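What follows is one structure encoded as structure tokens, with my remarks underneath.
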Amino acid sequence: MEIVYVYVKKRSEFGKQCNFSDRQAELNIDISPNPELAALYVERNPVDTGIQCSASMSEHEANTERFEMENCGVNHVEGGWPKDVNPQELEQTIRFRKKVEKDENYINAVMQLGSIMEHCIKQNNAIDIYEEYFDDEEAVEVTEEAPSAKTINVFRDPQEIKRTATHLSWHPDGNKKLAVAYSCLQFQRSPMGMSHDSYIWDLENPNRPEIALKPSSPLITLEYNPKDSHVLLGGCYNGQIACWDTRKGSLVAELSTIEFSHRDPVYGTIWLQSKTGTECFSASTDGQVMWWDIRKISEPTEVVIMDITRKEQLENALGAISLEFESTLPTKFMVGTEQGIVISCNRKAKTPAEKIVCTFSGHHGPIYALQRNPFYPKNFLTVGDWAARIWSEESRESSIMWTRYHMAYLSDGAWSPVRPAVFFTTKMDGTLDIWDLVFKQCDPALSLKVCDDPLFCLRVQDTGCLIACGSELGTTTLLEVSSSLSTLQRNERNIASSIFERETRREKILEARHREMRLKEKGKAEGRDDDQKEEETALDLDELVNKAEEEFFEVIFAELKRKEAEALKKKPKPKKASIEVEGEDELEDIAGEEEESGIIMGEDTGEDDMDEKNEGGAP
């Protein structure tokens, strides 16, 4: 039996708390059996018993009034004409009108009614009594009900080996059916004997699926065709694209070939808003986005490689794990990657490099959900790692709004189709968070524990009243939110627009400030480099000057030595044999001259003298 609604009561309303304690068992009364009564007991055998096997019926009577009906007919002929005048004859009617207009009673009646009609006509010309003063404003129902949600139904995977509900899709006509894709996302850990079937459920019959879809490989994505509710598009784990027509049965109607399909699991498939309703595109973790036409699905019509370096190299491509397309922007699409980068692309670009317009980086892990706001397409929601972020196309460096980091990993998210300021997120602890930016921005307006298993996907109905959540064990829970979360509030569009514009302006100011700081740091770094270069240049100049001075003085000293040596060579040599020593005074004078010449020349002079003596032949 499912819990439909949980009644919550404050602790103070339970009354006084009961304090129990343990104690030993006590015997309050002991009645022994009476052997006399046991002796009087007689067992009846056999025993006659009556059984009524027919269904219980009751008689009811009702007395209703008899409703009598009869057929009536009216034949209307243009009145005001005599019997002898045929209204179909133009000449007879003109002749009769002229006759009546000449009648005095007709003239008097027209004169009397003319003044009254003239007054009414003037009033009509002056004031438009049929003007709708508040026609531009939408009729908004103001609700003061607190945000709440309740479980409507639960759809469980009928297979014994449970699989993860990886994707959900609502039936486009009336939203009375729900298509669920089942697969095992753990790499190379699929259990033996696991079924590949996915199912279409009827909301009023949760016990048994309406149709089973039988692909060749487990489905990761499954989407209804918005123009033909009998056609579904699926992305397989082996990279193939499959198409079903429920009128033809459970088997695949169209299937792409392995050679021209994706190399990795297909995590995103979207139908395009084309005239034929047969065009779609898909994305995979192999880094490719492919366009298909289900009339010829054997190979893609176009391929775009998610290489942000714009070199069209598949080995550098980023793996796509989420896909977004807005019908109001038919040439643009966005891709969420495993590396936490959102790539904005233009399909109609002339060259492959121009197809990747820009990137948005802000998540630390894969982006599991990516969706534009249905009211303001330039703002989009991303869900990854531990937070959800709201971006603006005008601010590329960072998101304009984001949630706090949660303890559990976020797995999916979506905008409300009826309220521009409301979005939903699912977490791996089995919790569904409903955020209302008008109500509060720091915390979710409602946090609901859906199940104990991790939630992997969610999908919101077009009316915004119902939310379907898929879990790790294949359980799809259908929730109904309160009217306060599914009804457009008064002035909510203006408030949401002002919130997004305000946060966008704030991010632009911060980006400009950061840009200035980076330029200043770059200028300082360049200045430091210039100072270092100037210091190095100054040191080099000093070294060159010192070296030049040393070389200059060496040349000068060498030249002086050479000149002194030449001067000594030209000086006449004293002849000791011819000198006549006349006295001690003359001898002292000669010795003094020799000492002076030895002091001037130093050691070199001595050496030169020795050379000269050797040349002259010392005795």
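Using N, Cα and C of the backbone, Cβ positions are placed for all residues, glycine too.
Residues of the same chain lying 6 or more positions beyond the ends of the repeat 'WD 1' (214-254) and with a Cβ under 8 Å from any Cβ of it are 163, 166-173, 179-185, 190, 194, 196-198, 200, 261-271, 273, 277, 280, 282, 284, 286, 290, 292, 294, 297. Under the heading repeat 'WD 1', Swiss-Prot lists 214-254.
The average pLDDT computed for the repeat 'WD 2' (261-302) is 91. As annotated by Swiss-Prot, repeat 'WD 2' applies to 261-302.
Taking Cβ pairs closer than 8 Å, the repeat 'WD 3' (362-401) reaches residues 321-324, 326, 328-329, 334-342, 344, 407-415, 417, 420, 423, 425, 435, 437, 441, 493, 496-497, 499-500, 503-504, 506-508, 510-511, 514 in its own chain, all 6 or more past its ends. Sequence annotations record features per position, and here Swiss-Prot assigns repeat 'WD 3' to 362-401.
With helix defined as DSSP H, G or I and strand as E or B, the repeat 'WD 4' (405-445) counts 0 helix, 18 strand, 23 coil. Positions annotated as repeat 'WD 4' by Swiss-Prot: 405-445.
What Swiss-Prot lists as repeat 'WD 5' is 450-489. With a cut-off of 8 Å between Cβ atoms, the residues of this chain six or more beyond the repeat 'WD 5' (450-489) that come close are 138, 140-157, 159, 162-170, 175, 178, 180, 182, 185, 201, 203, 411-419, 422, 424, 426-432, 434, 436, 438.
Summarising the annotation, Swiss-Prot assigns region 'Disordered' to 566-619.
The compositional bias 'Acidic residues' annotation in Swiss-Prot covers 581-597.
Residues of the repeat 'WD 2' (261-302) grouped by DSSP class, helix first, strand second and coil last, total 3 helix, 19 strand, 20 coil.
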